[in-house]
Structures are given as C-alpha cells and as structure tokens.
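J.: The structure follows.
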Amino acid sequence: MKLVMVSGRSGSGKSVALRVLEDLGYYCVDNLPLPLMDSLLDQLKGSTELVAISVDVRNMPEQEKELEKQLSNLPADTELLSFFLNSSDEVLLKRYSETRRLHPLSRSKTSLKEAIEHERILLEPVSKLVDHYIDTSNLNIYDLSNQVREILLGTVDKELVINFESFGFKYGMPAEADFMFDVRFLPNPHWEPELRPMTGLDEPVQLFLSQQPMVNKFIWQIENLLETWLPHLERNNRSYLTIAIGCTGGQHRSVYVTDQLAKLFSNSKHMVKARHRELNNA
C-alpha cells in the first residue's frame with residue numbers, strides 16, 4: 001500500500017494537494033488524527049492500494065519523537081511519502097484576511113497574526129521529517145497542483161477523461177454537461193420507416209447519416225472546436241470534460257454523432273468514454 005501524508009501550515013494549500021491526490025485515484029481522508037492511522041489502513045487493506053491523508057496542527061503529536069514513532073510503526077508493506085506545505089507569515093495573513101476563514105488556532109483572545117506565528121513554531125519540527133517540502137508563497141493553485149503531480153508521477157501531464165454523451169431533449173438535458181450541442185436540425189432517420197426501429201449504433205442508420213454532408217460537416221466542426229480548446233482546458237487542471245449531444249429522442253442522430261466523435265478522439269492521449277443515455281435507460 002502507498003500512503004501519502006500531507007501536512008503543513010493552515011492556508012498553505014493542503015486541500016489543493018489532497019484534491020490532486022484524489023484525481024490520481026487515492027482514497028483521501030482530510031484531517032485524520034494520527035492515532036487513527038493504523039485503524040484506517042487496516043480497514044482499507046485489500047480494497048485500495050493508494051491512500052492519502054492530510055493532518056493539521058490540531059492532530060499532530062506535540063513531540064517530534066512521538067510522530068517519528070507513529071510513522072515507524074506503520075505496516076512493513078506500507079510505502080510512505082510525505083509532504084509539508086509552507087508559506088510565509090505575510091502570505092498566510094493575506095490569504096486568511098481575504099477568505100475571512102477562521103484559523104484552527106484562533107481563539108477569542110488570540111489574533112490571527114499570533115495564531116499563524118504559533119502554528120509555525122509548533123510545526124517546525126515536523127517540517128524537517130518530510131520527504132518533500134514545498135513553499136507555496138508564490139504559487140497559485142495550478143502551480144501547486146502541477147508540482148505535486150510532478151513529484152508523484154514524474155510529470156505534470158494529467159489524463160483528461162472526455163465523456164461523450166448522447167441524450168434526447170424530450171427527456172431533459174444532462175446537468176453535468178460542459179459543452180452541449182443540439183443536432184435536431186440534422187436529417188432524421190426516424191422518418192425512414194425501415195430505420196425507425198434502429199439506433200445510431202446500427203449500420204444502416206450509420207450509413208444513412210454518413211451520406212449526409214451536413215452531418216459530416218457538423219462532426220468536423222465539433223472536432224476542430226474541441227481540438228482547439230482542449231489544451232487550454234487541460235492547463236486549467238480539469239480532470240473531466242463532458243460533451244453532450246442531443247436530438248429529439250436520443251435514438252439516432254445524437255447517438256451517431258456521439259459515437260463518431262468518441263472514435264475520432266480515441267486515438268488521442270486522453271481517456272475517452274461514450275455513453276448513450278436513452279439507450280442505457282431503455
């Protein structure tokens with residue numbers, strides 16, 4: 001089992017790092033008290049090989065040696081990788097002032113500045129025990145995400161999952177769509193009696209639609225649009241992209257266009273999936 005522990009000062013980006021780990025397939029637990037780590041690993045044994053936890057100052061043992069002892073008692077088959085995220089006092093003060101969130105060590109008589117300084121002192125011993133120390137003072141969330149990903153994978157490239165989904169407008173539009181295209185203006189196989197019982201996955205329907213210049217031009221234009229903007233979407237740290245194609249009933253035109261687009265992009269570096277909502281619900 002591979003265990004990644006993310007610690008660091010509050011406001012330095014632990015939640016961002018944890019989201020990266022979640023996107024990479026890790027089972028993530030936020031703010032786990034360290035005494036519960038053994039119990040968590042026992043429960044997850046056999047069900048997942050990738051586990052990530054984040055711990056903040058409230059869950060850290062006060063003594064450096066106690067932390068070392070807990071980590072050294074991990075099961076022999078556990079591969080531990082640890083991160084410590086830090087930022088300057090000035091940057092943390094600015095971040096908390098902008099978000100108006102409460103610092104974990106803030107009390108009624110403790111100022112934000114005092115809480116930030118106190119946390120730095122408490123966590124200083126921990127910062128010396130980790131494998132990777134990252135100063136996020138001058139990093140935005142995308143820079144931090146890329147840095148964590150590069151440490152874990154050796155590259156900043158991430159696999160974007162592209163979901164092509166066909167649907168019928170008469171049954172409602174999919175709420176999860178990032179891009180939505182209406183193909184109800186295309187020639188409709190429904191009006192061909194021999195094609196009506198079929199779907200866009202059947203060869204006679206595919207042959208009919210492939211012979212329509214409008215259909216081919218529309219598919220080509222969507223392909224060009226996506227190829228143009230996919231690199232920008234990737235740089236924005238997206239993990240999933242859903243392109244929905246809708247016709248009236250979700251049986252012929254949308255199914256065919258979705259199937260063709262999925263085939264066109266299946267040769268790319270991305271993971272491509274095709275789903276036909278109305279066919280699956282039939």
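Even glycines carry a Cβ here, placed using N, Cα and C.
Below, the features straight out of Swiss-Prot:
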BINDING   GLY8, ARG9, SER10, GLY11, SER12, GLY13, LYS14, SER15  ATP binding site
BINDING   ASP56, VAL57, ARG58, ASN59  GTP binding site
J.: Report the residues of the chain - excluding GLY8, ARG9, SER10, GLY11, SER12, GLY13, LYS14, SER15 - with C-beta within 8 Å of the mean position of the site's C-beta atoms, for the recorded ATP site, in sequence order.
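T.: Going along the sequence, the neighbours appear as ASP56, LEU85, SER87, THR136.
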J.: In the structure shown, with every protein chain counted, which of the binding-site residues ARG9, LYS14, ARG58 has the densest set of Cβ atoms within 10 angstroms of its Cβ?
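T.: Within the set of binding-site residues, the most crowded position is ARG9.
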J.: Taking only the Cα atoms, work out how far GLY8 (ATP binding site) lies from ASP56 (GTP binding site), in Å, as a whole number.
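T.: Taking the Cα atoms only, GLY8 (ATP binding site) lies 7 Å from ASP56 (GTP binding site).
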J.: What kind of secondary structure is SER10 (ATP binding site) part of, going by DSSP in three states?
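T.: Assignment for SER10 (ATP binding site) reads coil.
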J.: Tell me the Cβ contacts of SER10 (ATP binding site) under 8 Å, same chain only and six or more apart in sequence, or just say none.
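T.: In sequence order, the residues whose Cβ lies under 8 Å from that of SER10 (ATP binding site) (at least 6 apart) are ASP56, VAL57, LEU92, HIS103, PRO104, LEU105, GLU119.
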J.: Tell me the Cβ neighbour count for VAL57 (GTP binding site), meaning other Cβ atoms within 10 Å of its Cβ, over all protein chains shown.
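T.: Taking every protein chain into account, the count is 20.
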J.: Looking at the binding-site residues SER12, SER15, which one has the fewest other Cβ atoms within 10 Å of its own Cβ?
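T.: Each of the binding-site residues SER12, SER15 was scored by Cβ atoms within 10 Å; lowest is SER15.
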J.: Select the most exposed residue of GLY8, GLY11, GLY13, where exposure means the fewest other Cβ atoms within 10 Å, treating these as the binding-site residues.
T.: GLY11
J.: How far is it from SER15 (ATP binding site) to ARG58 (GTP binding site), counting Cα to Cα, in Å?
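T.: Between the alpha carbons of SER15 (ATP binding site) and ARG58 (GTP binding site) there are 16 Å.
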J.: Could you tell me which three-state DSSP class SER15 (ATP binding site) falls into?
T.: helix
J.: How many other Cβ atoms are found within 10 Å of the Cβ atom of ASP56 (GTP binding site), counting all protein chains shown?
T.: 19
J.: Closest of the binding-site residues to ARG58 (GTP binding site), Cα to Cα, picking from ARG9, GLY11, SER12, GLY13, LYS14?
T.: ARG9
